[in-house]
Amino acid sequence: SQYSAVDTNPLSVYIMQPIWNKIIKIVPLWIAPNLLTFSGFVMILFNYFLISFYDWDYTASGSSPGLVPTWVWLFSAFTTFCAYALDSIDGKHARRTQSSTPLGELFDHGLDSWATSIFVLSFFSVCSRDNGKTGVSVYTMYIYLSIVLFNFMCSHWEKYNTGVLFLPWGYDISQVVLIAAYLLTSAVGVEVWQKPLLLGYYITDILVILLIGFSLFLSFPQTLYNIHRAHLKKTLKNDSLYEGLLPLVSPLLLFVLLTVWVVLSPSNVLAKQPRLFLWMVGVAFSNVICKVIICQMSGTRPELFHWFLFPLALVVYAAISGLLGWMEEAVLAVFTALVTAAHVHYGVCVGRQLSEHLNIYIFSLKKRTQE
């Protein structure tokens, strides 16, 4: 299917796009667009592991002065900007080199579905977890992450039904806010997050309120409106309500299972291992959403239950029934490693299959010779 995306965000249209149009001129024409996409993702990943090294349990910013060196925050601002830029120019570069392919589209959105959670998890290090005085509770972190992922899911669910990807306004705004937050932290220190800003509210409170407001009152209604409009124009991809709602079943069940684990965990696993647990949430979500993206691109029907829900249900049952006992954290660690490995393996396999099918290389513009 022909790729179509619509971007109506004034920040993007009037400020960011002109910047990207200047940057794109520097990119050599022999570079493959997927290489830009992948480089941006690797930068986000590297930055995430760097922050994790200094702040494994999200407490480093809770002390004054913070335990994360200033250069790390500057580096975070730099990598976030680079990833944002690369993600914004990869499509332009593909059109410029006449190398737009379904593989590129999948590569871009698939990595975005994973990067979305990594951005959020890196940001949590800025505000630190609740230490009784300041910070955000790990439960707020979980809800915050879930809302961001819910937004991402909505835009792809909407594309599944309408055939058009309406780029969410929240994307550009969130990237600019992230970069600003890192620069602010490097300039004045983590203390800025530990003092009330307005009427006794902290910056983090204000950001959470904005995020929830944006999602529930802007993004989600916009999605429903776009689908409704396509229904009236008779341009919907799916006739039945069942078909239209099908892609939502697995992500929602995933969220239900994870939430049950968070709430009923005997050893309070989210509080003990927030970084592991939230990472696992992001990877699991990304895998479920990638399936939806592939179905939407290939015009196929998503299965009702993603395979991943079955092992997860087993683990959650074993954890909340007390079967795992003191091993709950260890099982979470093993499970997280397996999920991550499965997701990477899945990505590599799909990439290879598509590159063979389309007779192109993933990271090079050279044409494959016909065997």
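Note: Cβ is positioned from N, Cα and C throughout, glycine not excepted.
What TrEMBL lists as transmembrane segment is 26-50, 70-86, 136-154, 199-220, 241-264, 276-294, 306-324, 330-348.
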Fill in the blank from the handout: Spatial neighbours of the transmembrane segment (276-294) not adjacent in sequence (6+ beyond its ends, CB under 8 Å) are 106, 109-110, 113-114, 116-118, 120-121, 124, 141-142, 145-146, 149, 152-153, 156-157, 160, 247, 250-251, 254, 258, 262, 269-270, 300, 302-303, 306, 308, 312, 332-333, 335-336, 339-340, 342-343, 346-347, 350
Problem - For the transmembrane segment (70-86), sequence-distant contacts whose Cβ falls under 8 Å of one of its Cβ atoms, 6 or more beyond its ends - result: 19-20, 23, 36-37, 39-41, 43-44, 46-47, 50-51, 54, 115, 119, 122, 126, 175, 178-179, 182-183, 185-186, 189
Practice task
Please figure out which one of 136-154, 199-220, 330-348 racks up the most CB pairs under 8 Å against the transmembrane segment (241-264).
Solution key: 136-154
Fill in the blank from the handout: Most Cβ pairs under 8 Å to the transmembrane segment (199-220), of 136-154, 306-324, 330-348, goes to 136-154
